[in-house]
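Engineer: Sharing the record's features from Swiss-Prot:
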type	residues	note
DOMAIN	580-670	domain 'SH2'
MOD_RES	Lys87	N6-acetyllysine
MOD_RES	Lys601	N6-acetyllysine
MOD_RES	Lys601	allysine
MOD_RES	Lys615	N6-acetyllysine
MOD_RES	Lys615	allysine
MOD_RES	Lys631	N6-acetyllysine
MOD_RES	Lys631	allysine
MOD_RES	Tyr640	phosphotyrosine
MOD_RES	Lys685	allysine
MOD_RES	Lys685	N6-acetyllysine
MOD_RES	Lys707	N6-acetyllysine
MOD_RES	Ser727	phosphoserine
MOTIF	150-162	motif 'Essential for nuclear import'
Amino acid sequence: MAQWNQLQQLDTRYLEQLHQLYSDSFPMELRQLLAPWIESQDWAYAASKESHATLVFHNLLGEIDQQYSRFLQESNVLYQHNLRRIKQFLQSRYLEKPMEIARIVARCLWEESRLLQTAATAAQQGGQANHPTAAVVTEKQQMLEQHLQDVRKRVQDLEQKMKVVENLLDDFDFNYKTLKSQGDMQDLNGNNQSVTRQKMQQLEQMLTALDQMRRSIVSELAGLLSAMEYVQKTLTDEELADWKRRQQIACIGGPPNICLDRLENWITSLAESQLQTRQQIKKLEELQQKVSYKGDPIVQHRPMLEERIVELFRNLMKSAFVVERQPCMPMHPDRPLVIKTGVQFTTKVRLLVKFPELNYQLKIKVCIDKDSGDVAALRGSRKFNILGTNTKVMNMEESNNGSLSAEFKHLTLREQRCGNGGRANCDASLIVTEELHLITFETEVYHQGLKIDLETHSLPVVVISNICQMPNAWASILWYNMLTNNPKNVNFFTKPPIGTWDQVAEVLSWQFSSTTKRGLSIEQLTTLAEKLLGPGVNYSGCQITWAKFCKENMAGKGFSFWVWLDNIIDLVKKYILALWNEGYIMGFISKERERAILSTKPPGTCLLRFSESSKEGGVTFTWVEKDISGKTQIQSVEPYTKQQLNNMSFAEIIMGYKIMDATNILVSPLVYLYPDIPKEDAFGKYCRPESQEHPEADPGSAAPYLKTKFICVTPTTCSNTIDLPMSPRTLDSLMQFGNNGEAAEPSAGGQFESLTFDMELTSECATSPM
């Protein structure tokens, strides 16, 4: 069954997470229409190869055109309009950046797969009964639903009682006026007063009953408001706070955030009940004006009840105004909350009170550092202006689910220049990537005679002026959201708190799992812990300072732990993503562990790991071999960097890697990928197939061109491989050699097969720094 069809069969709680994956960057509507085709493409490979990404992107546009033609024949105007709009958007955003849409789609597909796995695991283990956390959450939500239903029922019951009281009051008013009129006539005629006294007693009984019902209604209203206050506190202080914390976690690569639809339904339901209750309290005022008496409970309690319901509704509306999508540059979707000056960023706000009458009524204004002007000057932070479309009206049409929201797509920041280069105080203690800024959203609500000022803030953002500041800026975002749920602590880095290894390890794994299909294993994390904290047995609970994580150089290195790791993450995403997703790259492994696992393997077994000495990120392979005396040798090649991987894929490097011995014989030392996977099975599918066409002859030459092939070679003048140089040296324009170094025989077509070796380094022998 297709993945998309499987997703449609999941429970609501999983479907809510699915909705959260999609946005305007890659509409769910397109995912639905092109599901089979989308799932048949290798988006992960396209995300790492621009040429393939371009091909897939143009094929995507072609698929959209086919769907458009189908809807044109069916005269489906709505889908025609939507597809035309989607295609125009994709062309405007991704035509020059096809790898970006490939990365987005690849991540969505992977998150979908992870969602299916989570659901399957829950089903296999007996559902939520075997998952205490999930069960507690579900039980809490069920209790909340029951409380909301109870509130709605009590509101309706009160509505009926109000009608009974109103009818009783009308009867009392009629009888009272009738008796008064008859009494006046009797006074004029001097008639007997006994009938009048009897009717007066009846009126007194009616008034007593009316008073009892009024007191009952006032008491029930007070109890209802207390129930509303409890439900509201649960919604805002627990459910909404939990969602905001999950949003923080999702921003730094954690599990996808659960969408807001269910929370919106709860809050809207409560808001509707509150407005209905407010109308009931206003009705009490009308009843009071009709009939009032000494000790009237309405006179005593109505003002307080009205004050309470208005305050509850105001607070609910203020809490319901949230940032649904945190500020993010479209070019860096996996690193929200980092904004570069002069570069557009997007963000989205939402009101979780879904009142149709508020559609197109709320104008949102955006500003930055609204409440921190004096603080910014005091601590020397830069100041910025927001440019672009910084006002927008909330509406229900732009969102897929009809929520009341406003998405800002064309915002940019410009620094206010001061005399000292933009810093308000040249003695500022924080570097620019530790400065935190708040983006504020404001609006006013006018509803049923109430004016409510709404304001919400983004999570703190880091503003950079150069993309080279991105790694340190992202480190700040990670550290902040890992250690605090305070949404407005812009002075966080004046005294950054200490994290534990358990917290750091989880976040580090997210940096891989959020952009690839694989997080970090316990063994890989242990290796990273050793680099951060030194040798140890149990790192759980060990403390890590902000400086240790990001600012101080590692022992014996000229760069920090985070700079090194971030460059490896970049290397994985751009150059070796497919191999990482397959689990072929062991990555982080100590040299002792490396030697231990390879020494028991047959010669030619290799593993792939990251360089520990390359600041810019490097990947290498280590293999085992036997010397002429049968002694096991472990060899490593000098790490390949991004610059080298730009010219040749790592899979092709491994498949073609040779050693040239003193007799000029080419030998391939790599046979298996650890533990025992033939290298052809592991890497062959990631190599470009060799062209079967014969090259054309130069018009000025009688003979055809000879084929060329780039491979990496390590030359050695040694008689055996005991002293094999560790660095990859390559030879240029070596002709006449076949796979085993023997003279190539002419082919049937009279051509010679030839190998051209890319010569980048000239030293014949070198010792690896690894």
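Note: Cβ is positioned from N, Cα and C throughout, glycine not excepted.
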Engineer: Does anything in the same chain, at least 6 positions from Lys87 (N6-acetyllysine), have a Cβ under 8 Å from its Cβ, and if so what?
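Structural biologist: Expected: Leu61, Ile64, Asp65, Tyr68.
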Engineer: Listing them in sequence order, which of the modified residues Lys601, Lys615, Lys631, Tyr640, Lys685 have their Cα within 10 Å of that of Lys707 (N6-acetyllysine)?
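Structural biologist: If one measures from the Cα of Lys707 (N6-acetyllysine), no modified residues come within 10 Å, so the answer is none.
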Engineer: Checking distant contacts: for the motif 'Essential for nuclear import' (150-162), what same-chain residues at least six beyond its ends satisfy Cβ-Cβ under 8 A?
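Structural biologist: Same-chain contacts beyond the ends: 213, 216-217, 220-221, 223-224, 227-228, 231, 269-270, 273, 276-277, 280, 283.
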Engineer: By a simple count of other Cβ atoms within 10 Å, which of Lys631, Lys707, the modified residues in the record, is least packed?
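Structural biologist: Lys631, out of the modified residues Lys631, Lys707, has the fewest neighbouring Cβ atoms within 10 Å.
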Engineer: DSSP helix, strand and coil counts for the motif 'Essential for nuclear import' (150-162)?
Structural biologist: 13 helix, 0 strand, 0 coil
Engineer: Among all protein chains shown, how many Cβ atoms are found within 10 Å of the Cβ of Tyr640 (phosphotyrosine), not counting that one?
Structural biologist: 24
Engineer: What does DSSP assign Lys707 (N6-acetyllysine), in three states?
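Structural biologist: Where Lys707 (N6-acetyllysine) sits, the three-state DSSP reduction gives coil.
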Engineer: Using DSSP, would you call Lys87 (N6-acetyllysine) helix, strand or coil?
Structural biologist: helix
Engineer: Across all protein chains in the structure, which of the modified residues Lys601, Lys615, Lys685 has the highest Cβ count within 10 Å?
Structural biologist: Lys601
Engineer: On a C-alpha basis, identify the one among Lys601, Lys615, Lys631, Lys685 that is nearest to Tyr640 (phosphotyrosine); the candidates are the modified residues.
Structural biologist: Lys615
Engineer: According to DSSP, folded down to helix, strand and coil, what is Lys631 (N6-acetyllysine)?
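Structural biologist: Looking at the DSSP assignment, Lys631 (N6-acetyllysine) belongs to neither helix nor strand, so coil.
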